[in-house]
Amino acid sequence: MTLPRLRRLRPDSLAGWLAVLLLATLILSGGLLSAIFLGQRGDLGRRAAAGPALERLTEAHQQLAALSGMERQRLAHTLRSPAFHLFVGPEPLVLPPGPEAPASRLERRLAISLGERLDLFPQAAAVLINPETTDPRLRLPERPGFGWRGGRGGRGGPPRLGPDGGDGDQPPSGPERWLDHLQRQAGPAGTVLLVSLPLPDGEVLNAVAVLAPPLPPHPGTLPLLALPLLVLLGVAAVALVALRRATRPLERLAAAAERVGIDLNAPPLSESGPGEVRRASHAFNRMQERLARFVTDRTRMLAAISHDLRTPITRLRLRAELIDDEEMRERMIADLDEMEEMIAATLAFARDEAAGEDLEAVDPARLLGDLTKSFAEAGAKVRLDDRRPAGDRQPIAGRPMALRRAFANLIDNAMKYGGEARLTLLAGGDELVVEIDDNGPGLPEEALEEVFRPFHRLEGSRSRQTGGAGLGLAVVRSVVRGHGGDVRLANRPPRPPDDPGGLTARVALPANAAPARDDSPEG
Ligand SMILES: Nc1ncnc2c1ncn2[C@@H]1O[C@H](COP(=O)(O)OP(=O)(O)O)[C@@H](O)[C@H]1O
Ligand SMILES: [Mg+2]
């Protein structure tokens, strides 16, 4: 898997991150535990199985050390049993471990344990487990004299295992076959133990024991192993639930921050949960409060100024009437009219802002349909075309009055400057797009943005005596941005034969916004 692809799998949420972290730790520690446990279980089982044999061996060594010659041989013979063979000879069957022939850990442990019990030099005891014929520490006697004479009941003879010293099989003859026989007798899971212990007078006590296969894993073993894993899983589950609970307020905070741009008067966040979250929610609520107050203050100030300007304008108008020069008088009165119009527009805008309309589910097709209908009834050339796919026609969260006014302003401009208005509804992913096309002259590129400034009108529009106070597009942008969207103007090149070109106003609004209000109780 390549790195970018891995990156895409990377969890995005805090809870996801921690879940992955926990899971990784869990799997790692669980795997390590199991590996250690399972790795030791085999050794432990075999060590336990070797216990009785070591016990017997220790006793035999002590007894045989006290004897010598024939008596020793005789006792060795007596101490035998089908799965436990002793024979005393001049040479060891097994060599102690050396640099080229190391011993396994279990072999070392057993040897040390024997050496300690018998008070021997630790390396003196040599133990070999499940030897192979090629084992460098194995010294299988090739010739008789070591008590390797073969044949039933031969004194000091080769270990013939099974009931009464020789089983029903062909008695093994060569050393390889002897070893083979032992291993067959032990079975695949069983263990063959070869031990050589020096006796005080230089002779060596050799022992071969076939250990029973270790007991099948104790039924309690698996639960024992599963218990820590279960505990870990439980902890992980609890941690995850707790984490989700702890991070949920963060999600609410993010949603609230998103919403505050659209609805400053949304109800405050509940200030509950862990301390950090509570403080964050509190800070957020205070910020929203201050923002709302700030906006209200500004709107009030705007309204007050506009309102108070009316009185001096009225006085000016009265005085203008007294001017004798008729042309001068007309021009002054025209300017005063314009001023009044601007002030009236500003007042209207401030009033709408202050009204603080609530967000609600708005069907854009319906809203625009009503609007185009009323324009058409007034004799305007307006068309509406809903090109959204059938599955993409959900209502949006909006303030219907404000939206109506914004679109009315755009249609109004299209009529005034472009003769007709064609509205197209489009679905653009998580956006609802409304395009308003006209067939007018469009705008110079540098004016496309400027015309959104309050009272910014092109010289042409002034002299043509079209239009209003120059606040139309400013209101449009204020409303659309207040919904979390935006509006832009663009010149549309002519596309023969139907489209002579003109200006396109493109309004994009968030589509998925159901009127979300966070008053869901803490869950
Ligand atoms: N569809 C349009 N085609 C050409 N010019 C336009 C169009 N819409 C707006 N404008 C220009 O942008 C200016 C500002 O528009 P607006 O804010 O609506 O004010 P108003 O319509 O009151 O003049 C207009 O004066 C006009 O010059
Ligand atoms: Mg206008």
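The backbone N, Cα and C atoms fix where each Cβ goes, and this holds for glycine too.
Note that TrEMBL annotation is computational and uncurated.
As the structure is a computational prediction, the values presented were derived from the model and not from experiment.
The compositional bias 'Low complexity' annotation in TrEMBL covers 500-515.
Helix, strand and coil residue tallies for the domain 'HAMP' (244-296), in that order: 39 helix, 0 strand, 14 coil [DSSP]. Per TrEMBL, the feature domain 'HAMP' maps to 244-296.
Here TrEMBL flags 304-513 as domain 'Histidine kinase'.
As annotated by TrEMBL, region 'Disordered' applies to 135-179 (among others).
The feature region 'Disordered' is assigned by TrEMBL to 485-523 (among others).
The feature transmembrane segment is assigned by TrEMBL to 222-243. With a cut-off of 8 Å between Cβ atoms, the residues of this chain six or more beyond the transmembrane segment (222-243) that come close are 14-15, 18-19, 22-23, 26, 29-30, 33-34, 37.
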Tally of residues which DSSP labels helix, strand or coil - the compositional bias 'Low complexity' (500-515): 0 helix, 9 strand, 7 coil
